[in-house]
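K.L.:
Below: one structure in structure tokens.
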Amino acid sequence: MAPSSSLLLGLKLSMGFLAAAWVSFWILKPTKTWKRSWHLAEELANDTFLRDCGLNVVVFCLPVMGLAILAFIHMHFHQERKQRKQTRSWDAAFYRPIIVKSLIGVISLGELLAVSLFLCFVFWIYYSDVSSDFKKLVPYASLNLNRWQLKVMNLGIRAGTVSEVCLAVMLFPILRGMSFLRIFGIQFEAAVRYHTWIAHAFLWLCTLHGVIIMFIWGQKKVLLKEITTWQRVGRVNLAGAVGLIAGLAIWITSLPVIRRKYFQLFYITHHTYIVFIGFFLLHAGEKHFYLVFSGVFLFSLDKVLCFIQSRREVCIVSARVLPCKAVELILPKEPSMKYKPMSTIYLKVSSISKFQWHPFSITSSCYQDEKNVSLLIKCQGKWTEALYSKISSIKDEKLDQLKSLIVAFEGPHGPSSSLYERYSNLVLIAGGSGITPFMSLLNEISSRSNSTRSYPTKILLIYCIKRTQDLSMLTPISSLLHPRKLKNFNMKIFVTQDEESPGTAELLDEALQLEMFTFGTERSHISVGIVQEGLLWRATVAALSFAVFLVSLVLLSNIFVHQVHGKPNRKAYPSWINELLVLTAFIIAMSCSAVATVLFRHQNSRKEHKDIKYSESTKQKSNYETDQKCSSPIRPEIYFKQRPIFSDVLSDISNESTEDENIGVFVCGPDSMKESVASFCKGNPKIDNSKNGSSSSFVFHSVNFSL
């Protein structure tokens, strides 16, 4: 039964309240009123079973965890809604490109507002802390600092304090299965950019924090002593130095010039985030760690769930080798698993590499084929070259029954809602492998065109390729080149480097009729198919694991931390005892979530386990050949030795419009392509049609694809 509007509205209001509460805590934290009230609240909490550690977790972690849990519930119920949401003018304005620069890419109005608010938020916290410190300079007992040294020291310390704001939100954009940002329609690949921005700011502040403090130590000639001493009580400077080194290693290897050339080094170094977070806990102490713990907790829970899912393996059902050095793979999945268009799946082929995982855009629709999911993989590196060679060699074997090829998977991950449904007029612009996300979108529209939901009624696909042989990339959507499959669908293809040859039409027909070949299925019992826990389960496991952490932490604190006159006797034991209790409670919570997930998956597999009998249709040729007998295909317009002039193409679309409407423009391809289209949408937010008096607004959407 579809959920009521009042339920969804209640969930939205609750999420808004929790988000506002969390932000308010951060804004009020530097003020005198908060500090005075907070000390009193901690004293009162120490008189109860909750203790001050429980109070910190409830105040600074519970709002974010509650927000994530409610977001999963909202996304679950929102998927059942049949109502189509039109893009309003003020809504479309948030997608309008404002900054189009080669260095930073395309930034929309919504992104610019979010960045501006975040910078104001960070500046307020830094200003409040520094101004409060300057009004009352407290000398350090171990250092004989003059007034200016005290001020500089406080500037450095507060740079570290404000870096905690960045760390608190830095991990949210790179969550996969546990990502609650999908409620805003943000894909994982697009959110990585936000993670990069925040990480740059965070590491700049961390470096500033470390350099300023070490400069003052150098001035007082105590640098070596301070940086090598492991303090029994309070902040551990050595832990801070180790954490900073780990952070700088991650930062340097993530720079584009190094990441692109030495990806394996970047990948391995990035996993030292475990070292960084651990030493951050030891350096800052448990109370500062609670400020950022919600992001760390969700990120760790996400990793646990992804690891459990990745332990399952499936056999490839069938494959197709394309002339453009690409392969199409068909993998089995559970019929109950649903995913949105433009979703991504992570793949590992142990026979190629036991450790490398690579993301790929799904090209099929879950409504098109309930038992299978398809991927289109083009050779772009050593791993994909090895996969192409392996598939080609298996195809060339003259055997009655081809051997099986086993892969591990993780995903799929994608947006919670389909933005394309908001538009009746859709323009898809792709370059090279950027066509793959749009394949799932087109297959979704085609397979559900007769449903009660409203879908775009007019679609134009503009596809740019370098060589004529790249036309074979269209093979997975060959069946859509028929009027009965997808109405009002047109395609313009631009071949930028090759000239037209006499056999181009025949080459396109041959490419679209390439045969699938079926793999052996004698080992298909390894797994029934790809399956993923639903959104309600993610909400449940998030609530369960957080409750276990809170209860474990409070119990451990009451058992091992003794109090004197209602306060923890911190002088009786070293500071690392508190950090150890936090770590222990964290491990208990993650272990419980892992056990619960394994049991849940096992129970579901027992209920749904059945042998998948692959139909003989996989051995047939593509749907193109079957449909060809029924109707003549649509011939796409092919332009050779030229590039599209997007301003002319989009202006023509506006002139053909007969009513005021928003036209959705989705672009997936090189940055230069996105910037060119974004520049047009920025300079022409609304175009008037002189013929009929209507006006059209182009709403720009940048799509990231995975190879």
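Quick reminder: no glycine exception, Cβ is built from N, Cα and C everywhere.
Values in this document were obtained by computation on a predicted structure and should not be read as measured data.
Feature table excerpt (TrEMBL):
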COMPBIAS  610-628  compositional bias 'Basic and acidic residues'
DOMAIN    309-419  domain 'FAD-binding FR-type'
REGION    610-630  region 'Disordered'
TRANSMEM  7-28  transmembrane segment
TRANSMEM  57-77  transmembrane segment
TRANSMEM  98-127  transmembrane segment
TRANSMEM  155-175  transmembrane segment
TRANSMEM  196-218  transmembrane segment
TRANSMEM  238-258  transmembrane segment
TRANSMEM  265-283  transmembrane segment
TRANSMEM  289-308  transmembrane segment
TRANSMEM  535-560  transmembrane segment
TRANSMEM  580-600  transmembrane segment
K.L.:
Pop the mean pLDDT for the domain 'FAD-binding FR-type' (309-419) in here, whole number is fine.
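P.N.:
Reported value for the domain 'FAD-binding FR-type' (309-419) is a mean pLDDT of 82.
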K.L.:
Below 8 angstroms Cβ to Cβ, which residues of this chain, lying six or more residues outside the transmembrane segment (289-308), approach it?
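P.N.:
For the transmembrane segment (289-308), the far contacts come to 53, 56-57, 60-61, 63-65, 68, 164, 167-172, 174-179, 277, 280-281, 410, 533, 538, 541-542, 545-546, 549, 579, 582, 586, 589-590, 593-594, 597-598, 601.
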K.L.:
Run through the domain 'FAD-binding FR-type' (309-419) and tell me, per DSSP, how many residues are helix, strand and coil.
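P.N.:
For the domain 'FAD-binding FR-type' (309-419), the helix, strand and coil counts are 18 helix, 41 strand, 52 coil.
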K.L.:
Using a Cβ distance cut-off of under 8 Å, indicate which of 7-28, 57-77, 196-218, 238-258, 535-560 has the most pairs with the transmembrane segment (155-175).
P.N.:
196-218
K.L.:
Assess whether the transmembrane segment (57-77) lies in contact with the transmembrane segment (535-560), where contact requires at least three Cβ pairs under 8 Å among residues 6 or more apart in sequence.
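P.N.:
Yes, these stretches are in contact.
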K.L.:
For the transmembrane segment (98-127), give me same-chain residues lying six or more residues beyond its boundaries with a C-beta closer than 8 angstroms to one of its C-beta atoms, as numbers and ranges.
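P.N.:
Same-chain contacts beyond the flanks: 23, 26-27, 29-30, 158-159, 161-162, 165-166, 193, 197, 201, 671, 674-675, 678-679, 682, 700, 702.
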K.L.:
Sort out the residues at least 6 away from either end of the transmembrane segment (580-600), same chain, that have Cβ-Cβ distances under 8 Å to it, and list them.
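P.N.:
Result: 53, 281, 286, 289, 297, 300-301, 304-305, 308, 533, 537, 541, 544-546, 548-550, 552-553, 556-557, 560-561.
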